[in-house]
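Novice: Please read through the structure below; I'll follow up with questions.
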Amino acid sequence: MSLSRRLAVLRSHLQPAAPAGEGDRNVVVCAEQAAGVSTSPCSAAAAGGGREAEGKSCVFCRIIRGEAPAFKVYEDDVCLCILDSHPLAPGHSLIIPKCHFPSLEATPPHVVAAMCSKVPFLSNAIMKATQCDSFNMVVNNGAAAGQVIFHTHFHLIPRRSGDKLWPTESLRRRSIEPNETSGLVSCIKEQLYSSPEGCKAEPPSSLPKER
């Protein structure tokens with residue numbers, strides 16, 4: 001996969017486009033094919049398939065089983081950290097759970113917690129090795145967000161001042177409008193507290209005051 005395509009995929013989380021249509025899905029599939037990644041069943045069109053079937057052709061599962069090559073930098077009982085085979089910067093790494101989960105929402109909280117707990121440890125080592133003092137942690141979740149391999153993973157991307165990796169960093173962001181946002185906040189709360197997890201928590205009585 002070309003560097004320009006990789007940049008386009010990962011920028012999508014910072015500069016979302018319109019909802020993906022059939023043409024956009026074809027671009028994702030073509031990108032997977034260019035990278036040598038099987039598009040069936042770990043593809044946008046088949047992300048809802050059985051986990052066992054997905055794992056058999058998933059490139060990350062093949063790496064975990066030792067059936068595909070990778071540069072491993074860390075491994076424990078829950079997750080694996082490897083160098084990205086098409087890095088955006090030297091040291092660009094991926095944290096991958098050893099069990100196959102096609103999306104972040106399908107990944108059990110304890111697995112996500114285990115992956116996140118390794119971020120300070122791994123990022124510190126990667127930054128020292130690459131002589132950087134900053135990094136981006138990126139999760140592309142879903143085809144419209146730029147996910148290409150449908151096996152949950154975190155990107156750790158070392159950064160240097162002035163590297164201009166994300167053109168959107170120079171864009172001025174519009175301030176939030178309280179009147180436009182109150183309805184959205186109410187809708188999010190409704191979704192949160194109608195879920196099994198949300199029912200266990202006490203809903204906040206009011207929005208935080210501006211400082």
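Backbone N, Cα and C atoms are what each Cβ position is placed from, and that goes for glycine too.
As the structure is a computational prediction, the values presented were derived from the model and not from experiment.
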Novice: Can you say which of 21-25, 151-155 is given as motif 'Histidine triad motif' in TrEMBL?
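Specialist: In TrEMBL, residues 151-155 carry the label motif 'Histidine triad motif'.
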Novice: I'd like the Cβ neighbour count for HIS153 (active site, tele-AMP-histidine intermediate), meaning other Cβ atoms within 10 Å of its Cβ, all protein chains included.
Specialist: 26
Novice: When the pLDDT values for the motif 'Histidine triad motif' (151-155) are averaged, what is the result?
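Specialist: Averaged over the motif 'Histidine triad motif' (151-155), per-residue pLDDT gives 98.
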